[in-house]
């Protein structure tokens, strides 16, 4: 069976090299410039102001939520608001405890260490963080054989900002050491429209207001998807010679890209059709779904499910996942018969 993810998804929220380049050019510098996530922003504004008044490092921050919602961007904004440097890495990149020790030893007082995908830290690496986060020291084992001994190394007060799409996979000892925990939510259409309008200025292109709204509606509540779709729709508009991206061109180009009015792409539709046609709409176990689409269960839960759940196309039950009436109607199937 062909893997549903053989081709990169235009609406996939996972980052690629082009996204990282785009996001760097669009990155706001201050909380006031950061669009959306109002609850998170208002709370962080207070925490940052209090830390600066006390002349202390900001408490450790955990940002969690689906991919593409601006966790990395917010980490950079927080560091900028605090007036400190940020050192960025990721869980998979820190392969051994010594790698983390090297990063920590380079920090100055108040600096931010940002670890993306923090749930993927190896256990020995994570354990080094415990004393570093709580008491700002690490113990380094030096020597060999009978001369082996631990050296107590103090660290300057610093802020760890961790980002994760899988908060439930964090161990309790690590999670409990974060004083600030913020849940990043999907963006509203209004906020996405503002992001699209702002991005269009950076991209040196114009977009009609109704076209921006249509693009926002199909962007899956995710700024990364909105910016990616804006770039593709801009290509269509430029080839047509439009001075500003029109609603008609937006609808036409998204139709060709197979992104429907709910933001579903062919991958979403394949997954939902598989559940409907092969399993009567469910419930279907997560392992069965993963086997049918050629992915592992983590990818299903982290990449495919969040938006489908949030939009009400599937439900999660103790017996597995079920397709909703809304999904049947969206895909053109007769209404699901009541059991």
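Cβ atoms are placed via backbone N, Cα and C, with glycine included.
Quantities reported herein were computed from a predicted structural model and do not represent experimental measurements.
Under the heading region 'Large ATPase domain (RuvB-L)', Swiss-Prot lists 2-187. Look at Swiss-Prot and you will find 26, 27, 68, 71, 72, 73, 134, 135, 136, 177, 187, 224 tagged as ATP binding site, backed by sequence analysis. Taken from Swiss-Prot, the feature Mg(2+) binding site covers 72. Per Swiss-Prot, the feature region 'Small ATPAse domain (RuvB-S)' maps to 188-258; the stated evidence is sequence analysis. The feature region 'Head domain (RuvB-H)' is assigned by Swiss-Prot to 261-339, with sequence analysis given as support. If you look up Swiss-Prot, you'll see 316, 321 marked as DNA binding site.
Where Swiss-Prot records a feature, it is marked here on the structure.
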{"residue": "26", "record": "ATP binding site", "Cβ contacts under 8 Å, 6 or more apart": "198, 199, 202, 227"}
{"residue": "134", "record": "ATP binding site", "Cβ contacts under 8 Å, 6 or more apart": "177"}
{"residue": "136", "record": "ATP binding site", "Cβ contacts under 8 Å, 6 or more apart": "154, 155, 156, 157, 158"}
{"residue": "187", "record": "ATP binding site", "Cβ contacts under 8 Å, 6 or more apart": "36, 37, 69, 195, 221, 222, 223"}
{"residue": "316", "record": "DNA binding site", "Cβ contacts under 8 Å, 6 or more apart": "305, 309"}
{"residue": "321", "record": "DNA binding site", "Cβ contacts under 8 Å, 6 or more apart": "275, 282, 283, 284, 285, 286, 289, 305, 314, 315"}
Checklist line | binding-site residues listed as 68, 72, least Cβ neighbours within 10 Å | finding: 72
Check: Looking only at the region 'Head domain (RuvB-H)' (261-339), what is the mean pLDDT?
Finding: 89
Next item on the list: With H, G and I counted as helix, E and B as strand and the rest as coil, say where DSSP puts residue 136 (ATP binding site).
Entry: coil
Check: How does the region 'Small ATPAse domain (RuvB-S)' (188-258) divide up by DSSP, counting helix, then strand, then coil residues?
Finding: 51 helix, 2 strand, 18 coil
Notebook entry, point to check: For residue 321 (DNA binding site), what is the secondary structure by DSSP, using just helix, strand and coil?
Noted result: strand
Checklist line | Reduced DSSP assignment, residue 316 (DNA binding site) | finding: strand
